[in-house]
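A.B. asks: What follows is a structure written as structure tokens; I'll ask about it next.
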Amino acid sequence: MSDHPSPTVGELGEQYLLERFAAAPVGGDVIVGPGDDCAVCDTGSDRLTLLKTDCVVGGVHFTLDEDFRRVGHKALARAISDIGAMGGTPRHALVTLMLPPTTTLAQVDALYDGLRAVGERFGVQIVGGETTSAPPPHRDALMVNIALTGDVDRDHVTTRAGGEPGDALFVTGVLGGSIAGHHLDFIPRLAEGQWLAANGATAMMDLSDGLAKDLPRLARASGCDAHVDPTALPLRGDSTPTDALNDGEDFELLVAVPEDHVRALLINWRSAFPDTPLTRIGRLVELGSADATPLHGGFDHFSD
């Protein structure tokens, strides 16, 4: 036994933990394992199967006095956003609730109203789940976990790993200031993700932990670094470029596109989604390039 204490996840950080799990070998019918927005499996059907799990925790992802309908909306919408980032279609959800014993029936009904409303909008059926509670002294802990399945056309599945140096980088919508309410009420970019996957995107992910945290993840998965122009970032309201980089929970799409596809993509995007901006913010560059932009910040679950 080592005399040295094992490091804690707080000391190592969330990214280290994610990379440690992502290094686990996969095979058989698993095409994409840990480390992307969804796992991708080949079950022998015409389309590939997508698997996703996500959770929201009271005091972390929402305040404990929040409207339970908004909590339900956010819980399922987050998972749907990840399916969209793969270019896929969501199908069936399992919902696990960790509830304080003091939770009222009206609150549970409101939570399920939020789940059902976003599910009906995006064609997701809630087909089962589980309920539990935390032990003392944490009886007030509240968590909603979603396990979501989906599928995607074999030719259009889009991961974080397909980008190449020179690809242009775009984001949908606007960034920053999500804490004012957007993080609870956002509409997943499902149709946009499907469209981008079918129209030349080489890599894609949704933005949950902030652009400063998520863009390096996509770049590393693609074997690249990234150059970003902070002055080009599309801003929500009074947000600053720093907010856009660091606030997180925008749930917009970050996408890489070959340079020779950009002009046609933008023309066709404006026709398909006239009310949704698609903004060029930079490009992928060679790993270690002097043009790479150092990015620090974003959200880390294990930091103080």
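Yeah, the Cβs are placed from backbone N, Cα and C, and that goes for glycine too.
Keep in mind that this is a model prediction, so the values were computed, not measured.
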A.B. asks: Out of Asp36, Asp37, Asp247, Asp250, which does TrEMBL tie to the same Mg(2+) 3 site as Asp82, Asp206?
C.D. replies: Asp37
A.B. asks: Which ones, of the binding-site residues Thr53, Asp54, His61, Glu249, have a Cα no more than 10 Å from the Cα of Ser208 (ATP binding site)?
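C.D. replies: Cα within 10 Å of Ser208 (ATP binding site): Glu249.
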A.B. asks: Taking every protein chain in this structure into account, which of the binding-site residues His61, Arg160 has the most other Cβ atoms within 10 Å of its Cβ?
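C.D. replies: By the 10 Å Cβ neighbour count, Arg160 comes out on top.
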A.B. asks: What's the CA to CA span in angstrom from Asp54 (Mg(2+) 1 binding site) over to Asp82 (Mg(2+) 3 binding site)?
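C.D. replies: Cα to Cα, Asp54 (Mg(2+) 1 binding site) and Asp82 (Mg(2+) 3 binding site) are separated by 9 Å.
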A.B. asks: Mean pLDDT, the domain 'PurM-like C-terminal' (196-286)?
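C.D. replies: On average, pLDDT over the domain 'PurM-like C-terminal' (196-286) sits at 97.
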A.B. asks: If we count other C-beta atoms within 10 Å, could you say which of the binding-site residues Thr53, Ser208 has the fewest?
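C.D. replies: Relative to the other binding-site residues in Thr53, Ser208, Thr53 has the fewest Cβ atoms within 10 Å.
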A.B. asks: Could you tell me the C-alpha distance between Asp206 (Mg(2+) 3 binding site) and Glu249 (substrate binding site) in angstrom, no decimals?
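C.D. replies: Glu249 (substrate binding site) has its Cα 9 Å from the Cα of Asp206 (Mg(2+) 3 binding site).
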A.B. asks: Please report the three-state DSSP label of Asp54 (Mg(2+) 1 binding site).
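C.D. replies: Note: Asp54 (Mg(2+) 1 binding site) is in a strand by DSSP.
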